[in-house]
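A.B. asks: Take a look at the following structure, please.
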Amino acid sequence: MATTPSTSPRRLLPLSLGLFQAALLLFFTLFITYDEPSAQAEDANSVANHLYSIFPFFQDIQVMLVVGLGLLLTFLPRYGLSALTHNFLLLNFSMQWAMLLQGLLHHFHHGQVHLGLRNILTAEFAAVTVLISTGAILGRTNPCQLLVMATCEVPIYLTSEWAIITYLGVLDVGGTITIHVFSCYFGLGVSKALFRAAQQPVHPKETPTPRSDLMALVGMLILWVFWPSFVAVLCQPGDAQHRAILNTLLAMSASAVTTVVVSSLMERDGKLSPGHLQNGSLAGGVAIGAVADMAVAPVAALALGSLSAVICLLGFRFLTPLLARKLSLQDQCGIHNLHGLPGILGAAASAVAILVVPDVTAGYHFPATGGNTTEEVVMGQFGGRGAGWQALCQAMGLVGAGGGSLLAGLLTGAALRLPCLALPPQRLCFDDSLYFKVQDEAESTGMGGTSEERALAMKE
């Protein structure tokens, strides 16, 4: 049995991370500085008020990404340590990489990059795309492949965001199009290119246990509680931010209730599926992002949340098996159902809202390029553009985010097939023992275990 594919990436991981961190230290030494403190008391108070208004949202998002999303990925019973650790590692790696790129592209003035809390916040948004995309290939890849994917995805995301928000003028304050749709189809593209046409067989370690489902459900609850902060953090303080919080809460509440209804109806015995609860309850937060701070009626937020939960669960029931059977598409965490389908629904809802609701975006605000400052755009009728043209821009942004990210994901997945980035052995997929010292390591890697595990070991 060959050991090189599993041992080479383990040796490559600390080397590559060490070189990256050393290069980043050099970059920070030469170019990074903090914003200079204000000398005037009025300006100092303004800076303090701005900090105190954004930092609570920032803390909420940190809890979402580190704890909530990490626990949501622990539904694989023997991959919990790896899921949590890789999620934490990718978040920090991608955030630092995005800070470096954003600093060079948007904040480099007079030989220095001035660092502020908003820079780190927008860099974490770039990291979110990596964390979501990873869900499509979770458990079947090694950390070096994930780091290479993050290295490629972050600059592509920053380019896509600039093109969609700044160039096209798409309205998407909560990242429905720029984050969720983009990361979903990037991850699916990586999965398709990485595993090619070979349909991955069901692994004996994929089946969740009651304990792993419980941990993932706790992660969903944490994400559900803090999701309004993720949507509203970049809104203009005041009415827009207030609407974003209210609309997000309504949409997520409706998706949670609808998930229970639909999940129960889907099962013959009327019992609930933990996987449905873990994903469908969050679908409303994905869909509402594009219209969160628009002046839509509260009933629209409720309807959007309910509809997003329905299409999410229908996707798990019918679309995922169809894509696996017809296209041999591997989607381990069902990111297409949670992020792709509700993201498309939210983008379509934003176009409809612009067309049918008068002055839906009056006084709309969105972050300027790079996210260092907030550029106020008093739209009137969309900055002189008609509602029809703005709705068309929403559609073009959706197509650009989905199509562009899918193509980029296919190219990235092809790069992940390099010999030095070999996939883990089949029998050690979804197993912490490949990367961690665990108490039952001998049992996990030996010939013991279930008959399915022994068959995999003999096959390899």
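Cβ coordinates come from backbone N, Cα and C, glycine included.
Here's the feature list from TrEMBL:
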DOMAIN    24-418  domain 'Ammonium transporter AmtB-like'
TRANSMEM  12-34  transmembrane segment
TRANSMEM  54-76  transmembrane segment
TRANSMEM  88-108  transmembrane segment
TRANSMEM  120-141  transmembrane segment
TRANSMEM  162-188  transmembrane segment
TRANSMEM  214-234  transmembrane segment
TRANSMEM  246-266  transmembrane segment
TRANSMEM  286-316  transmembrane segment
A.B. asks: Short question: most Cβ pairs under 8 Å with the transmembrane segment (286-316), which of 12-34, 54-76, 88-108, 162-188, 214-234?
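C.D. replies: The stretch with the most close Cβ contacts to the transmembrane segment (286-316) is 162-188.
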A.B. asks: Taking 3+ C-beta pairs under 8 angstroms (sequence gap of 6 or more) as contact, is the transmembrane segment (214-234) in contact with the transmembrane segment (88-108)?
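C.D. replies: The answer is no, given that the two segments have fewer than 3 Cβ pairs within the 8 Å cut-off.
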A.B. asks: Any residues 6+ beyond the ends of the transmembrane segment (54-76) with a Cβ under 8 Å from its own?
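C.D. replies: Long-range Cβ neighbours of the transmembrane segment (54-76): 83-84, 87-88, 91, 117-118, 120-121, 124, 127-128, 131, 135, 138-139, 205-206, 208, 212-213, 215-216, 218-223, 226-227, 229-230, 232-233, 274-275, 278, 333, 430.
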